[in-house]
Structure formats: structure tokens, C-alpha cells
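Trainee: So TrEMBL says this about it:
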{"type": "DOMAIN", "residues": "7-209", "note": "domain 'Phosphoribosyltransferase'"}
{"type": "BINDING", "residues": "80, 105, 132, 133, 134, 135, 136, 137, 138, 139, 140, 201", "note": "5-phospho-alpha-D-ribose 1-diphosphate binding site"}
{"type": "BINDING", "residues": "195, 200, 201, 202", "note": "uracil binding site"}
Ligand code: URA
């Protein structure tokens with residue numbers, strides 16, 4: 001994946017995203033849309049997975065048919081909103097292993113602090129897809145990717161629903177080797193760190209919290 005930022009402008013994704021942005025969309029519908037978009041984004045982020053062929057027999061004749069080359073995949077959810085992307089992606093890639101990274105922001109230093117880290121083994125042999133719906137300041141995403149690299153990951157991609165230019169710049173600066181796939185690049189962050197126009201707090205909207 002050479003390109004640093006891919007905005008997937010497919011009409012189905014853009015239509016579903018508009019419904020998700022609408023403040024009157026219910027939690028149940030928001031969740032379902034997130035599930036559907038996560039699959040469409042997963043389709044895009046796995047577009048260049050290495051392929052090989054396998055000898056099979058169709059009812060008519062033998063053939064060398066394309067199949068995934070067998071590089072193992074790991075999906076890493078950046079807690080807690082990343083979890084909303086997992087179910088849909090796992091339906092598409094059922095054999096993927098799953099990990100979790102939990103970070104909170106220290107009130108004094110404003111630096112991300114890790115409170116949970118559990119990832120699959122052999123990260124160095126896997127295509128690692130880190131997922132978080134909102135790439136806002138990019139601080140926690142960049143810290144999570146740093147941590148995944150410390151754990152051995154070398155092929156990391158980042159999947160999000162919405163990105164702010166600030167977050168993309170932060171990630172490009174810290175991790176130029178990590179391509180980002182998103183459904184939209186929004187205008188900016190507001191003074192509270194929300195993406196605008198955005199969709200609000202993704203975790204609250206998918207889990208029905210406030
Ligand atoms: N996280 C969210 O859930 N929403 C934003 O707009 C920014 C960060």
C-alpha cells in the first residue's frame with residue numbers, strides 16, 4: 001500500500017456515512033451502518049494482499065485458482081471505539097487474529113498512557129490492521145502504532161471512518177510507513193478535539209453512552 005492516505009469515495013460508503021453523521025440516527029442504525037462500512041473499508045485496505053494459486057478441480061477440469069498467499073492477518077482495535085469496527089471486519093476475514101490497545105490521556109502531561117495491551121503472537125509475520133473510527137489529533141493512534149512496532153509489527157495499516165487533517169499529518173510525521181484508509185477527510189478539529197463536521201463521539205454513538 002504505497003499511498004499514505006486513501007479516501008474511499010464509493011457512493012455506498014458516502015451514503016451510509018451521511019446517515020451516520022446525522023444526529024437523529026439511532027444507536028441501533030448507527031451500529032449497523034458502522035458494521036457495513038467497516039466491511040467496505042476492509043475490502044479496500046486488503047486490496048493488495050499477496051496472492052498465490054492452488055490446484056483445484058472444478059466439475060469440468062483442473063485449474064490453478066487464485067488464493068490468498070497465507071500471510072496471517074491481525075486486526076487491532078484501539079479501545080474503545082475500535083471495537084465497533086471489529087465485528088463487520090471479522091465477518092469478511094474470519095481467520096484474522098484480534099488484539100486490543102487501550103490508551104488514555106494523562107490530564108497533566110496530555111500524553112497517551114497505556115492501560116491495556118494484548119495482541120496476537122508473531123506480529124512480525126502478520127499484516128496488521130489497526131482500527132479506530134476517528135483519527136482526530138492522531139496522538140493515540142500514533143502511540144498505538146508505536147507500541148505495535150515495539151511488539152514486532154512491520155506491516156501496519158490504519159483503518160478509520162473519519163480523519164482530520166491534523167491526525168493525518170501527525171500519523172504521516174510519526175509513521176510515514178503506515179498507510180491510512182478512511183471514508184472521509186473532514187475539515188478540521190474544533191477546540192475540544194472533535195472532528196468537524198464529524199459525527200460526534202463515535203464511542204458514545206455506537207454504545208449509547210453520553
Ligand atoms: N473521537 C470521537 O469520537 N469523535 C471526534 O470527533 C474526535 C475523536
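Heads up, residue numbers simply count up from 1 along the chain you see.
Each residue, glycine too, has its Cβ placed from N, Cα and C.
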Trainee: With respect to ligand 1, which members of the binding-site residues 134, 138, 140, 195 satisfy a Cβ distance under 6 angstroms to one of its atoms?
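Mentor: Cβ < 6 Å from ligand 1, in sequence order: 134, 195.
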Trainee: So among 80, 134, 140, all listed as binding-site residues, which is physically nearest to residue 202 (uracil binding site)? Use the C-alpha atoms.
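Mentor: Considering only the listed binding-site residues, the nearest one is 134.
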Trainee: Run through 132, 134, 138, 140 for me and report the binding-site residues whose CA is within 10 Å of the CA of residue 201 (uracil binding site), in sequence order.
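Mentor: So the list reads 134.
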Trainee: Can you tell me how spread out the 5-phospho-alpha-D-ribose 1-diphosphate site is, meaning the largest CA to CA distance among 80, 105, 132, 133, 134, 135, 136, 137, 138, 139, 140, 201, in Å?
Mentor: 18
Trainee: Given the uracil site residues 195, 200, 201, 202, which other residues of that chain have a Cβ within 8 Å of the mean position of their Cβ atoms, reported in sequence order?
Mentor: 133, 134, 162, 194, 198, 199, 203, 204, 205
Trainee: Out of the binding-site residues 80, 132, 134, 138, give me the one sitting nearest to residue 195 (uracil binding site) by CA distance.
Mentor: 134
Trainee: Which of the three DSSP-derived classes (helix, strand, coil) applies to residue 195 (uracil binding site)?
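Mentor: DSSP assigns residue 195 (uracil binding site) to strand.
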